[in-house]
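Following: one structure in structure tokens, then a few remarks.
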Amino acid sequence: MYKRLFISRVILIFALILVISTPNVLAESQPDPMPDDLHKSSEFTGTMGNMKYLYDDHYVSATKVKSVDKFLAHDLIYNISDKKLKNYDKVKTELLNEDLAKKYKDEVVDVYGSNYYVNCYFSSKDNVGKVTGGKTCMYGGITKHEGNHFDNGNLQNVLVRVYENKRNTISFEVQTDKKSVTAQELDIKARNFLINKKNLYEFNSSPYETGYIKFIENNGNTFWYDMMPAPGDKFDQSKYLMMYNDNKTVDSKSVKIEVHLTTKNG
């Protein structure tokens, strides 16, 4: 009897160790923010147009490119030209760490991301706080090209549900040609829609007090980005876009997106 009890306890202890040591969905999931966790547009006294610029048709987009250089160990430089405004012909994307940069260094990739100019450095000779001519910077936004596109140029629709003051007021879809797509690409497309349809960002302010965009993956994991700038009178585009440096990707067929907004009079 004692032997059987001992064996049962050993099995129980082993099972507990296995549960503790095995990553689980809830542990990896980012909980929804509390109201005090979010930036408030009323506490930002700068120009909201600087935020709007990041999501209003000024993004970097390129297919089948390969890095040609780097500045630091955790970034990659590509020959990508601005076909619309002719503002740049080189793009540097900064990643979370050196390992992530090495992963894509010699790969043929697609690049899609929001870019900035001030505090964009390609070498130690670039002037601090100045715009480097012909060059622009971004974070993340990389996906491997080979095998990551749908057949016959098909596109995948991704559902976005918008909640204003906790009420679902509008739903729409954004499209991507990628099987594995960066959250940044979907975020840009969702916010661009909301700028055009809901005036998400205006020149001086926003009709919304708080906002966050939430991604729900097929395994139940969730994560979100704050959609408003930090309090103060200045908006640092580089610092804000840094949230994309982990190059987070999602499965375009299964991911769901929610946008949660509160109005200033709500």
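Any Cβ shown, glycine's included, is placed from N, Cα and C.
Database features, via Swiss-Prot:
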SIGNAL    1-27  signal peptide
BINDING   Asp36, Asp110, His145, His149  Zn(2+) binding site
DISULFID  Cys120-Cys137  disulfide bond
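Taking the features listed in Swiss-Prot, we show where each one sits on the structure.
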residue : record              : DSSP (3 states)
Asp36   : Zn(2+) binding site : helix
Asp110  : Zn(2+) binding site : strand
Cys120  : disulfide bond      : coil
Cys137  : disulfide bond      : strand
His145  : Zn(2+) binding site : coil
Taking Cys120, Cys137 as the disulfide-bonded residues to compare, which has the smallest set of other Cβ atoms within 10 Å? Cys120
Around the Cβ of Asp110 (Zn(2+) binding site), how many other Cβ atoms lie within 10 Å? Please give the count over every shown protein chain. 21
Could you state the CA-to-CA distance between Asp110 (Zn(2+) binding site) and Cys120 (disulfide bond) to the nearest Å? 21
Quick one: Cα separation, Cys137 (disulfide bond) versus His149 (Zn(2+) binding site), in Å? 25
Please report the Cα separation of Cys120 (disulfide bond) and Asp36 (Zn(2+) binding site) in Å, rounded to an integer. 31
